[in-house]
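Comments concern the structure below.
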């Protein structure tokens, strides 16, 4: 590397490390708000978060960021950089150009609008009154359309939005992928609905003391290889995971006294996110690559641990005895197979976040199709409830009795997060495809689970995925690990096999 | 106010609010490190703290800060500002000039040196080997002497250091104040040593379960009027209080299983700091005045609650029954008067932080006199152990058997915090003087305590002290509240009356 390039890189690293520091601070300020900050400090805290977020935005769009990324993008300079360095430059440049292109005034108005809209949405959801929220949503859509023009229309307008969360996936690819998935899942769901072999879930409706739930959750996290010297578990209303840095990854759960499975599976879910963040290579610390490759890849790791491992027969044949020991009265006389069937019961329901492993994907496909209609076909906001309800009837055979149980259920649109939903289902598909390779390369996979020896699985995932952080793109990861691009058949195969057996179809 | 002044003030407020935001972030980053941040994240966290501290320093010494404070210091502009605004300008200007005057290179070297010296000090304290620490301490003293030259020598070199923590107090005043205090406390301590009426403390040496200690601590904080919607109580190795903003004031304590009084009095102490911070006027939020008036005034509030209220007879005649209910086995058969005498026992001991309410002041006077010798008389670092031990013999009648129990006991000097110690004893003196007025203006003071009605006391302190934050100077506060400048006789009177009765002198 030439001396000049070396010196410039050192200066650039200073800027990156500043960005990392502010990002860690923001992470902690948010974590604290959600885990126990006193109510009366919230207003001042919000200003502090706004201040530091503003500072991050300022650095990302600063003249120096523009100049550095331009300099390091010259072919004769790129030649001298490592792959990781080039990826850093590419990601920073993308962020720079995206943020730069929006007029400051529009962005400011948009920020105020979305902050306000979230409160309006909360009230609308409470009352089920879509009309009170619609004007705000229309404005958010209008701003987003304006931003798409600034960012530049890709293959289609909605492609520009998808690109923010899952850089390699386009409407063309997703239409094919979701189409294939939907065509296999809808009949499967119908067959399950028609099956007389419904699991008994009644025994789950009991009181499960919080202290015991917490003990069991901590035990399972330990089994997964969660490093408690590099992370912690707390409580919050909505479970989440946040990686301040690979040595400080925090997850939360919410203990419901009348629901033992909620906290168990949220711990497995957030624990999966956490294993990813804890095992990112230390070399990436202080750079923007010290995070997951994409929303979808991140979600694949939470889903793999929550569903493919955590809701597997092998897992509960190993751990059900431990669960029983934590709740001897509640689970006396409940056989492991009954438990396994109960936690895998499928139901056509209205609310995405309460959906089972199978129908969840249909909830996502509905949102994907609707967002595409909004941005590519000009679907009017006022027509959303009708379209929403029709699709629920078509794919799940049910029509929401109210907008609160329908189009108003998710917070995302009130914050302008269009293009995000797809990641959830992509996570499931990535996970199933990775699982397929994992089973080939670690043929003793199920025996390991059945023996409670989960660490080799964590190590394999670290080796193949975690350590790279964001230094590879989602498609590079999935192709490097599995040898082919994203293929929805792995998820369909997995779900068909699992549920055909479970429901004796 | 002229339009120009108004506009400039708005811009200046933006800068102040940025400083407040970063200060809140730093406060949370530190709090989190000390209350449960995972071990493996500490290194990255330290970088983040360094980054944001650096940003605060940069803003405090920025060209804009220089220009704003110069502009607002013009007599024709000052005329247009409120008292609070003028105080903000004055404090910012002082900080600006102080920080500006030190060459960046010296400050950097000094920061590295003190960070390193604290580790060396920890090891030296462990082994009792003063010689291994002495070279570092010599360098720190040399740097401090250099800084004094940059800052400008006041009446004496040590005055320049005192001015950082207690702006209105000089060596001339403190020599008089501490001299008078010492002359009255030394004979009192001697009389107590000679008294045959020693309290029985044996019953305190029992196991007191942590859960019960925590419950009692929370109860007492509630009684004091600690607002749990604007604060929280956590655990840490060393108790502390930190006000992120008046709506978010956090305190910690440390529960020792074999010592029930430690956590009780640390909760009262930190609770006193917290009441101050929680009741600072909301109008000061976002300015540098949203904090205590000085270290000494802050300490007066913790000492007033810990000692003058919390170790009073009236307090325990009201709350001892509650304590007994929390520890029925441990305190069965222990009378309230025995308890009162036990928690007020006086002992000539080596360690400042374990000292009782009376001898504590002598520990501070010793440090004050030694620091003055270092900076005003050129006392050599190598001579410190000898001087230290001689003074302990002279004032407390004991000679430390090792440097670990002597000159090496406190962390302050390893961090360069010369001039700070005085604040602790000033806190006691301010507290006794304020207590004297409080008793006159609230003649039912003791009845209120005896009835467990502490809120009128908190309200009086809020009205007189808390709400002003740093908008008044320590001397303005003490004169406004008590009608006279700091007068050590109030503390001496208070201690003489209390201990003459207690030890039947």
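Think of each number as a place in line: the chain as shown, counted from 1.
The backbone N, Cα and C atoms fix where each Cβ goes, and this holds for glycine too.
Positions annotated as active site, proton donor/acceptor by TrEMBL: A:270. Around residue A:270 (active site, proton donor/acceptor), the same-chain residues at least 6 positions away in sequence with a Cβ under 8 Å from its Cβ are A:239, A:240, A:241, A:251, A:252, A:253, A:302.
Other Cβ atoms within 10 Å of the Cβ of residue A:273 (Zn(2+) binding site), summed over all protein chains shown, number 24. Taken from TrEMBL, the feature Zn(2+) binding site applies to A:269, A:273, A:299.
Its Cβ taken as reference, residue A:269 (Zn(2+) binding site) is surrounded by 24 other Cβ atoms within 10 Å in the chains shown. Sequence-distant neighbours of residue A:299 (Zn(2+) binding site) (same chain, 6+ apart, CB under 8 A from its CB) are A:423, A:424, A:426, A:427, A:428, A:430, A:431. Taking the centroid of the Cβ atoms of A:269, A:273, A:299 as the Zn(2+) site, the other same-chain residues with Cβ within 8 Å of it are A:241, A:270, A:272, A:298, A:301, A:302, A:303, A:305, A:306, A:427.
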